Every structure is written in C-alpha cells, then in structure tokens.
Amino acid sequence: YSSVVFPLSCAVQNYSWGKVGLESEVAKLLTSGDPLVQIQPDRPYAELWMGAHPRGDAIIRDNRIPQKTLGQWIADNPACLGTKVKDTFQGQLPFLFKVLSVDTALSVQAHPNKELAAKLHAQFPEHYPDANHKPEMAIALTPFEGLCGFRPVEEIVSFLQNVPELRALIGEVAAEQLERSGSDDPRGVSAALRVCFTRLMKSEKKFFVDQLNMLVKRISQEVEEGRDTSGSNGELLLRLHSQYPGDIGCFTIYFLNLVKLEPGEALFLGANEPHAYLRGDCVECMACSDNTVRAGLTPKFIDVLTLCEMLNYTPAPSSSKIFPAVQSQLDPSVYVYDPPVPDFAIMRIEIPASIKLYLISAMDSASILLVIQGTAVGTSTAAASEMSLCRGSVLFISANESISLHLSSPDGMLLFRACCLL
C-alpha cells in the first residue's frame, strides 16, 4: 500500500512577536483543522510550518504510512518530488510553506544569497544554521504591513530635514552627501545611502537611546497638541518604540518603505533586501533555509556589520514592492505568484460557490495544499480513502497526482498551494 497524497499535522512556532491565543490566524487554522488541539489563550501562535524543515518537520496523519514525518517519507520516496525537482534539489523538498500571524514587529533583517550563506555558515554555524539562500514571498490573508527595501531618496532626505534626531545620528557629512547625490548617478546614490544607513546602525548605544528618547518625547507632545506628525512618521515610530523601547531598529522607518498589502497582495523579498514585517496575517513561502541576518527590533543575536555590508542599497517606491499574481490561462480559479527564483511558487485557488466539483490538477512537482476557507471531500486515485477537507487542512500532494474536490460549502473555497515550477 502506498498513498502519495496525505494530510499533515504541522509544527507551530510560538515566537514572542506572534498574535496571542485565538486572535492568531495560526491558532484559528489549527483548531479548525483539528478540534482536539488545545489553544492556550495567553500564548503567542506566530508561525505554522508546512514542510520538512528539520526544525519543524510535519507529521503524517495517516496511520497506514509507516514513516512518521514528511521529511522521513520524502527521504524514502524521493520520486514523489518529481524528476526535475528531485535532481535539481538533491532529493530535498526545496521550499518551506508557512502561515504567519504578526502582532509586534519582527526584526529588521535580510537573507543572504547562496555565496554569502555558505561563508556565514562556515564561519558562524551557531548563528547561520545552513548554507542555503532564503528568498521569500508573503501573501496577505488580512491587511498586512511591513517595511521593505530602501525608500526613494527624496523621502529619506525629507526625513533627514524634518527629524533632527535622525540627522544627529547620521552626522552632517553623510546627510549632505545623500542630499547632494543626484538621480543621474545611481551608484553614487547607493554609496551615499550605504554610508548613511551604516552610520545609523553603528551609532553608539547611549547616543542613539538619548536621541530616540528625545524624538519620542517630541512626537508625543505633538500628538497631544493635535499636530500632524506624518513629516516624522510619528505614528509608526511611537508604535515600534512601545514594542522595542530603546532599539536602533525604530530609526529604520526613515530609510525603509512602509508597504501595506490587502488580502491576496504579495511581497517578494530577494536576497539582501532589508525588511521587517510589522503586523497582520499572511501565508509565506521560502527556500528551505533558516538563515537570517538581523540588526534591530529584536532581542536576538544581531550582526550589524554583515547586514550593512550585504544590503541592496537601491532606492525604489513602495508600490514597486508589490508582486503581481497572474491568472492561469488554463484555469480561471487559479492565480499564480511565480517569483524570479527556482525554489518555489505559490498558487491561490479561489473556487466559486457555483462549482461543486473541482480538480486540483497534477503537476510535475510535489506540492503542499492549505485550506483557508470552505469544506470539501477530496478523492484521489493515489489516496486509499477519501479525505475530508476543511479550514486548516493541509495536504501533501506528490508530483503528477491530482485530487477531485467535492465541495460542500455554500460559499466556495479559498486554497493556497506551494510548489516548485522548474
């Protein structure tokens, strides 16, 4: 007996920035998918990991399958990945699929490219656990906010002129260099930006804490007086300072774009792109790695030098960060988010209420399917018995296998499917 389509029970990460109890989309999906799960009302439910990463290998919910976890099963059945995926990624599932529920900001971070990842892993394996790159893509489930990429220079210059505390940290010489850098010389702009950002991130702790306190005091007074604080990004500054008082990361809001996603909108983060998720719920897919270089808004290990060296200092407006989905030519219910890396892609599948029978099509890659909305019974020539699917269900689908969904919910279904489109 060999079933190659089966349900998964997925690992939860209770990081401190996660939404708490049933406020969390992760917790809601867990309880819907398995009513026996006990959700602790005061615990953060930050991430759901759907994949075979050693720090969160999914458990197979089919007692006829001898292997306990997805990682073990793939190791014993590598052909399930699909020929191309198996050969390209050495018999490993190349992606990790997640749901994130963000309550307080994640650290200001970037993920290394392959070359830097190999070097960091060799030098500091305790901080950089593997040698892989980690491009990632987030698709909003609820209104979602994050910092991402360097702002257009004129926005940064405007903050340098409106926020004296920021200018003090960067210093007059560096600030003027950025003000003078012209749009006709992109390398000059990037160099000036690198100097300014590095000076900020490497400023003396006591000095930046004093400046931050002055800034927070000044903005709080302006808010009390009913003044407009948008010229110094006041609302976001006060929010981040309340979450991470005295943290240098609070100042990064003057350099990085604030990107707001509506449900279904996506953000793609290539190597070396500075970012910090701020709040909201999303599905996320990434290359299977845990490498993160951090430099603020965090109590964790920070590596400011590496971060400032590696970043992509190309300014761009926040609108350019939103990654478009393309409606499938073959199936109007499918929207494909196909980033410029080979490791993963995501499909959003919106099945309208009028459809009662829907085919999840076969593809030449293993995939993981997550149900966000709706109920159905799934049948597959590859599964021994029918599978009941509801909100929170997660299925592993081997390459070249399809599933027929017999929909039972009155308002259609919303699914996300992570795969590899080589």
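The backbone N, Cα and C atoms fix where each Cβ goes, glycine too.
Database features (TrEMBL):
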type	residues	note
DOMAIN	5-153	domain 'Phosphomannose isomerase type I catalytic'
BINDING	Gln109, His111, Glu136, His275	Zn(2+) binding site
DOMAIN	169-256	domain 'Phosphomannose isomerase type I helical insertion'
ACT_SITE	Arg294	active site
DOMAIN	337-376	domain 'Phosphomannose isomerase type I C-terminal'
Students should find that the Cβ of His111 (Zn(2+) binding site) has, within 10 Å, a number of other Cβ atoms equal to 25
Per the Cβ under 8 Å criterion, with at least 6 residues separating them from its ends, the domain 'Phosphomannose isomerase type I C-terminal' (337-376) contacts 8, 29, 33, 50-51, 74, 80-85, 88-89, 93-95, 97, 99, 135, 137, 139, 141, 264, 266, 268, 270, 283, 285-288, 323, 325-326, 328, 330-331, 388-422
What DSSP reports for the domain 'Phosphomannose isomerase type I helical insertion' (169-256) is 67 helix, 1 strand, 20 coil
Integer Å value for the Cα distance linking the residue listed as 'active site' with Gln109 (Zn(2+) binding site) is 4
A correct count of other C-beta atoms within 10 Å of the C-beta of Glu136 (Zn(2+) binding site) gives 23
Counting every protein chain shown, other Cβ atoms within 10 Å of the Cβ of Gln109 (Zn(2+) binding site) number 25
Whole-number mean pLDDT, the domain 'Phosphomannose isomerase type I C-terminal' (337-376), equals 97
For His275 (Zn(2+) binding site), the nonlocal same-chain Cβ neighbours (under 8 Å, six or more residues apart) come out as Val108, Gln109, Ala110, Gly146, Leu147, Cys148, Gly149, Leu256, Leu267, Leu269
